[in-house]
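See structure below.
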């Protein structure tokens with residue numbers, strides 16, 4: 001392909017006059033238009049300069065029909081085709097050569113901008129290849145619709161987010177409940193130890209009655225001895 005070269009032309013400009021459309025014997029349409037492209041620059045003196053180039057463009061087939069129906073003088077268009085030079089004869093019979101931009105089925109044409117009659121030109125964009133131009137906003141519209149459900153999925157994500165938090169709150173509640181159960185076990189165990197320690201001080205009270213310190217028994221003996229002195233000596237046979 002590189003050895004054969006590339007023949008491709010892209011133009012963005014405005015029509016200099018209304019399209020001329022004619023039909024060939026086989027019924028195919030042919031449209032001739034002239035497109036102006038302008039460029040501006042500043043010269044060495046700083047003055048603004050502008051230059052306009054005129055391009056002859058020939059369209060074939062369906063594109064030619066759409067061009068004649070929707071394009072008018074002043075319409076801004078995007079054209080993509082190839083350069084082609086043809087030979088023809090003038091009225092005097094002399095050969096003439098013309099280099100034109102040919103746009104056939106392999107090329108493309110799109111309308112840019114609009115005029116007062118742009119309402120007619122707008123549908124043109126959607127008829128042939130420009131249908132891709134109108135389909136672009138249609139693709140943008142579903143893109144917005146796809147973005148609208150995205151916020152709706154956030155809340156759904158947010159919705160499950162509190163659920164794991166609530167589940168996390170439940171395990172600590174069980175831990176606190178386990179701690180509360182552990183506390184009652186510790187407290188009753190501490191109480192029996194204190195209860196066991198309480199009877200130990202009661203042991204001295206038990207020693208008080210057990211102690212035979214109360215020996216009143218010798219007292220009757222003392223009372224008994226005076227009785228012996230009083231009368232028991234006489235009764236003793238010895």
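Note: Cβ is positioned from N, Cα and C throughout, glycine not excepted.
Per Swiss-Prot, domain 'SSB' is recorded for 6-110, and the stated evidence type is sequence analysis. Residues annotated as DNA-binding region in Swiss-Prot, with sequence analysis given as evidence: 54-60. Look at Swiss-Prot and you will find 103-238 tagged as region 'Disordered'. Positions annotated as compositional bias 'Polar residues' by Swiss-Prot: 105-115. The annotation compositional bias 'Low complexity' is assigned in Swiss-Prot to 125-160, 170-222. Under the heading compositional bias 'Acidic residues', Swiss-Prot lists 227-238. Summarising the annotation, Swiss-Prot assigns motif 'Important for interaction with partner proteins' to 233-238.
DSSP labels the residues of the DNA-binding region (54-60) in these numbers: 0 helix, 7 strand, 0 coil. Counting residues per DSSP class in helix, strand and coil order gives 0 helix, 5 strand, 6 coil for the compositional bias 'Polar residues' (105-115).
Per-residue confidence over the DNA-binding region (54-60) averages out at a pLDDT of 96.
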